[in-house]
Each structure stands twice: as structure tokens, then as C-alpha cells.
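Database features, via TrEMBL:
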ACT_SITE  His188  active site, proton acceptor
BINDING   Gly12, Ala13, Ala14, Gly15, Gln16, Ile17, Gly18, Asp43, Asn106, Val130, Ala131, Asn132  NAD(+) binding site
BINDING   Arg93, Arg99, Asn132, Arg163  substrate binding site
DOMAIN    8-153  domain 'Lactate/malate dehydrogenase N-terminal'
DOMAIN    157-325  domain 'Lactate/malate dehydrogenase C-terminal'
Amino acid sequence: MEKEPLTVLVTGAAGQIGYAIVPMIARGAMLGPDQPVILHMLDIEPAAESLNGVKMELIDAAFPLLRGVVATTDVQEACTGVNIAVMVGGFPRKEGMERKDVMSKNVSIYKAQASALEKNAAADVKVLVVANPANTNALILKEFAPSIPEKNITCLTRLDHNRALGQISEKLNVHVGDVKNVIIWGNHSSTQYPDVNHATVTVNGGDKPVRELVANDQWLNTEFITTVQQRGAAIIKARKLSSALSAASSACDHIRDWVLGTPKGSWVSMGVYSDGSYGIQPGLVYSFPVTCEKGQWSIVQGLKIDEFSRGKLDATAQELIEEKSLALSCLN
């Protein structure tokens, strides 16, 4: 029996990340190799022609799992019947712009899209916010889509999580698939805290702590953290464009693990609603270590937080509290 197709919305679909992610979704990288999909692609009016070009390419690629493509500039049409929404569209910060300017533009975009999802999407829609400021955009979305359960609105910190895995695998010269349980705490910004205190590497069939294998606390507490925090900026400097490929790939990872479950004994990082775990103010969208099962995520509990980490967790929470009040001031 073939599975019923799932409808996946990608906003900002004519942009760089959109162009990278739609073929991944159509190929089964997001929902599995046996899950047919219908793609809904949304972008703004000036990008309509380019969006149509992406649609032509999707048709030309003859993806066996792709059961339909809608390319539209109408937010209501785009959100109709959607099971999974990947919110890539947002207003990027341009030179000379204040944070408040960017925030107020994104507040109005996310307000409109939240209302359209609320009205038209499937009742159990799962939402992933990619556009920055991702944590706060997810918060705004929740505000204006009150009927979507808060467990169903998340933001992307998997990119940072994967970057941390990549740095450790390079440092130790091991396969990235053998590194697990790094954590990204907090905001998808340069205050995030990449934490390896609970991370392990599979060596000769057993799991060894990353700290023990790296045997260089100085590197782990300084350069490793800043490299992960500033990796996006380093890629922009090198490519003159943002990290679209890795963002698209990690968005697929995020949804795949959320829908199909995390491997036993390992966790991933997701920006989710804080319930007060680890002393983080409830009601913030904050990145925690989570495990997923049957389409639900749960925050990993009981991890020991040392003094160094505590300071980092609180600093990134503080930034999120400030962003939240900035967003609320834009709403008023």
C-alpha cells in the first residue's frame, strides 16, 4: 500500500535555501524514501517568475515521490492543507539596519503567515521556522496561530548542532556519524552555546566522552565555541552568499527526526517552547537537547550543568528575553 502524500510548504521558496531544499524534500531526504509529497512553494510577488522557474525544474527532475507542485504568491493558497511548514521566508538584515527595523518587518510577515496557517493548514501541522531571528519569529507565529499546539512550532538550531558535530569530527579525525549528543543551547545567534560536556564518540564499539578524546579544554571552551557561533558569518565571507546548502540539509534532518524519531541513545538540538527545564524562563523558544518519538519531541532531562555552562545558558536566555520584548513592542 502506498502512503498518502503529505503536503509540505516552503516559504521563500525562490530564495537560496528554498532552491536547495525543494529537491531534497522531493527526493525523500525529509520524510523518508517511501513517503510521497506535494510541494507548496510560496514567495513574494517580485519573485513570482523565479518561483515558476523552480517549479519547472521540479517537474523536469521527474522525482518519483513528487505528487504535485503549487507555486504561488498567495499565502492562503500556499497554506491550504499543509502538514509540514518550513518557514524560510523572512526579511534579511541589510547593512545599516537596526535590529528593531528587521524585527518589525519580520513581525508583520510572521503575523500574516501565522493567520493563514491557522486558517488553512491541517489541524496537526508541524511548523519549522528557519528565517532569522528564528527563535523569536517562532514565538510571533505562535502568538498569531493560537490553535496550533505550541509543541508543533519549533525553530532550527540543527544547523548549529550539525556544525558542532562537524568540528569535533574534524578535530578528532573520526567519522561524523560516530559523534553524538552535542547540544546547542539557546538562541540561533552568536550567543548560542555549543556544549560537548555530554557528547561521545563511538570508538572500537564503545562510546568515549568527547572531552576526554579531545583532551584540550582550552580549545573546547574557546575556539570550538566561537567557530560554531560564527560559522554562518565565515561562510558568507567565503561564498559572498549565506549557507543555503547546509541550512536546507539540516532543516530536512530536523523534520525527519521529529516525524520519524531520533535514533535510540542519541538526542538532537531543536528550538522549542521552554517549560522551565534547566531554569530557562517558560514561554521562550529556546534550543534544548531533545529526543523524538511518534512525531513528538521531549526535552532530555537530568543533564548535569557545570558553572561555565550555567553562565552560557543564562546569557543566551537573556538575549531571547530582550528579543521577545522587542518583538512585542513592534506588535504594539
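Including glycine, each Cβ sits where the backbone N, Cα and C put it.
Overlay of TrEMBL annotations on the structure.
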{"residue": "Gly12", "record": "NAD(+) binding site", "Cβ contacts under 8 Å, 6 or more apart": "Gly18, Leu42, Asp43, Met87, Val88, Gly89, Gly90, Ala131"}
{"residue": "Ala14", "record": "NAD(+) binding site", "Cβ contacts under 8 Å, 6 or more apart": "Met41, Asp43, Ala47, Ser50, Leu51, Gly53, Val54"}
{"residue": "Gln16", "record": "NAD(+) binding site", "Cβ contacts under 8 Å, 6 or more apart": "Leu241, Ser242, Ala244"}
{"residue": "Arg93", "record": "substrate binding site", "Cβ contacts under 8 Å, 6 or more apart": "Arg99, Val102, Asn132"}
{"residue": "Asn106", "record": "NAD(+) binding site", "Cβ contacts under 8 Å, 6 or more apart": "Gly90, Phe91, Ala131, Pro133, Thr136, Asn137, Ile140"}
{"residue": "Arg163", "record": "substrate binding site", "Cβ contacts under 8 Å, 6 or more apart": "Pro194, Thr227, Val228, Arg231, Ser246"}
{"residue": "His188", "record": "active site, proton acceptor", "Cβ contacts under 8 Å, 6 or more apart": "Asn132, Pro133, Ala134, Asn135, Cys155, Leu156, Thr157, Leu159, Asp160, Gly271, Ser287"}
### Message
Could you give me three numbers for the domain 'Lactate/malate dehydrogenase N-terminal' (8-153), the DSSP helix, strand and coil residue counts?
### Response
69 helix, 26 strand, 51 coil
### Query
Quick one: largest C-alpha distance among Gly12, Ala13, Ala14, Gly15, Gln16, Ile17, Gly18, Asp43, Asn106, Val130, Ala131, Asn132, binding NAD(+) per the record, in angstrom?
18
### Query
Tell me, how many other CB atoms lie within 10 A of the CB of Gly18 (NAD(+) binding site), whichever protein chain they belong to?
25
### Task
Identify, among the binding-site residues Arg99, Ala131, Asn132, the residue whose Cβ has the fewest other Cβ atoms within 10 Å in this structure.
Arg99
